[in-house]
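Colleague: My questions will all concern the structure given below.
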Amino acid sequence: IRHESTVTGGVQDVYGEDSATEDQSITPWTLSVASGFSLLRNPHYNKGLAFSERERDTHYLRGLLPPVVISHDLQVKKMMNSIRKYDVPLQRYMAMMDLQEMNERLFYKLLIDNVEELLPIVYTPTVGEACQKYGWIFKRPQGLFFSLKEKGKIHEVLKNWPEKKIQVIVVTDGERILGLGDLGCQGMGIPVGKLSLYSALGGIRPSACLPVTIDVGQTMKFVDDEFYIGLRQRRATGQEYSELLDEFMYAVKQNYGEKVLIQFEDFANHNAFNLLAKYGTSHLVFNDDIQGTASVVLAGLMAALNLVGGSLSEHTFLFLGAGEAGTGIAELIALEMSKQTGIPLEETRKKIWMVDSKGLIVKSRMEMLQHFKRPWAHDHEPVQELVNAVKSIKPTVLIGSSGAGRTFTKEVVQAMATFNEKPIIFALSNPTSQSECTAEEAYSWSEGRAIFASGSPFAPVEYNGKVYASGQANNAYIFPGFGLGLIISGAIRVHDDMLLVASEALADEVSQENFEKGTHIPPFSNIRKISAHIAKVAAKAYELGLATRLPQPKDLVAYAESCMYSPAYRSYR
């Protein structure tokens with residue numbers, strides 16, 4: 001049996017995105033054959049000045065384009081020159097979004113070929129500002145909006161989306177956008193950005209991706225903003241909220257089947273954990289803030305141990321922030337320690353401590369703690385300040401996921417450096433303004449000894465004549481390849497063991513050259529190859545009996561690479 005990429009994981013390749021090659025011809029179908037002006041206005045098919053002489057004759061494009069014919073590569077060069085002329089990141093973001101709406105293949109080729117430069121533009125940190133100003137810059141719908149007005153009609157509204165073969169949905173309710181709080185309906189920039197990365201980095205076909213925003217109101221911060229695009233009412237909670245989410249999840253499964261991946265994105269803590277627990281046994285669901293963040297941080301830690309020495313179980317961890325990201329990371333670390341040592345999970349959790357807004361999480365606070373914090377309450381006297389917790393616990397690893405900027409103060413970092421030769425410090429909060437400390441602060445305050453990673457990128461730092469290239473613990477290392485692995489295997493559920501496999505696969509991609517440059521996370525320049533290796537989570541899906549696409553390919557990495565979407569232009573009949 002030959003495994004080929006003609007259908008990208010078993011879903012019909014509507015636009016010939018995978019089955020055709022540059023030398024093969026396809027028909028640009030919309031409701032009818034697109035030609036002339038309509039072809040230029042269709043982002044799936046538009047090639048701009050790259051239309052050949054024959055295509056211009058065949059599809060009535062003569063006179064609608066200047067006479068020159070240019071290559072795809074020259075278009076990329078031209079667009080990069082244009083984007084680099086903008087000094088303001090939001091202007092670059094808007095230019096990229098305009099390109100995506102005009103020429104989809106050029107957008108993805110541009111992003112793939114220049115991923116390290118453009119990733120901070122199409123996603124964090126720039127996407128945070130884009131969400132804050134989404135009402136001002138909104139031009140054209142890029143996904144589906146479900147508000148309380150659509151309650152009882154979600155199944156019908158889903159049918160309004162033109163693509164019918166959906167593989168991945170990223171959905172948010174806008175309540176906790178990055179570290180920026182409740183942005184309501186304007187959180188749509190997050191699903192749009194995430195799915196752009198699913199396609200560019202993980203090779204999922206753009207036509208198989210659906211961004212969704214659930215609008216149940218907001219905190220009324222936009223009540224006086226005349227350009228706000230969402231409901232102008234207080235956020236719905238309780239039964240009203242649950243019923244809308246139930247209807248949405250049921251409708252998605254009815255429309256697209258059991259194998260569609262639903263990624264929950266930027267839900268508030270109280271909903272994020274509940275939704276994952278509620279639907280995890282009945283749907284293929286994934287929470288990037290809880291599971292994706294955990295997987296990439298665990299990979300970074302596993303790689304960092306090559307520089308520090310020792311196993312995970314020999315280290316002590318202190319977290320600032322006990323929300324969905326912090327507790328998700330902690331649980332995956334505890335699971336990996338349990339897997340490595342055979343020690344029960346309840347015991348490995350005791351190596352991990354947490355500080356929230358009220359101080360160190362200890363057993364004397366148990367009755368007042370939210371359910372997801374209780375596993376991390378250990379025997380210790382109460383401690384209010386982070387620096388005192390550091391001095392008392394003496395962690396070897398300090399991880400920030402608090403969303404509170406500049407909380408890793410000079411005193412905190414210096415305390416870490418007093419009892420650690422190489423303190424591991426991960427300041428993970430996004431965007432950059434909310435990072436617990438900067439790369440420069442971590443290196444200078446630790447006298448160049450820290451092993452540092454952040455959620456958003458920082459420029460290389462020079463300290464005492466040495467250049468330090470800090471790692472970026474960006475979820476984009478994990479979720480695109482993770483999603484690809486689920487799709488190519490036809491997985492019907494996500495299992496924690498898959499997250500451990502993804503972490504191990506990413507850690508294995510860190511080279512000796514990376515270590516010599518002071519980073520324990522591989523560069524984004526190789527991200528599509530990294531994603532193909534992370535897609536080995538498919539093997540775990542087969543092992544656990546959760547895969548439905550049979551038989552299992554012999555070489556999953558090669559199969560994953562063959563299934564990846566290519567932005568190369570196609571020739572039209």
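Easy rule for this one: first residue shown is 1, then count along the chain.
Just so you know, glycine gets a Cβ as well, placed from its N, Cα and C.
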Colleague: With R176, N430 listed by Swiss-Prot as NAD(+)-binding, which of these, D57, D289, D555, is given for the same site?
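Modeller: Site partner of R176, N430 for NAD(+), according to Swiss-Prot: D289.
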Colleague: Quick one: Cα separation, R176 (NAD(+) binding site) versus G321 (NADP(+) binding site), in Å?
Modeller: 14
Colleague: About how far apart, in whole Å, are the alpha carbons (Cα) of A330 (NADP(+) binding site) and K194 (active site, proton acceptor)?
Modeller: 24
Colleague: So how many other Cβ atoms are close to K194 (active site, proton acceptor), meaning within 10 Å of its Cβ?
Modeller: 27
Colleague: Between G321 (NADP(+) binding site) and N430 (NAD(+) binding site), what C-alpha distance do you get in Å?
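Modeller: With distance taken Cα to Cα, N430 (NAD(+) binding site) is 13 Å from G321 (NADP(+) binding site).
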Colleague: Can you see whether DSSP assigns L318 (NADP(+) binding site) to helix, strand or coil?
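Modeller: DSSP call for L318 (NADP(+) binding site): strand.
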Colleague: How many Å separate the Cα atoms of N430 (NAD(+) binding site) and L318 (NADP(+) binding site)?
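Modeller: With the alpha carbons as reference points, the distance is 19 Å.
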Colleague: Looking only at D289, E324, which of these binding-site residues has the biggest number of Cβ atoms within 10 Å around its Cβ?
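Modeller: It comes out as E324.
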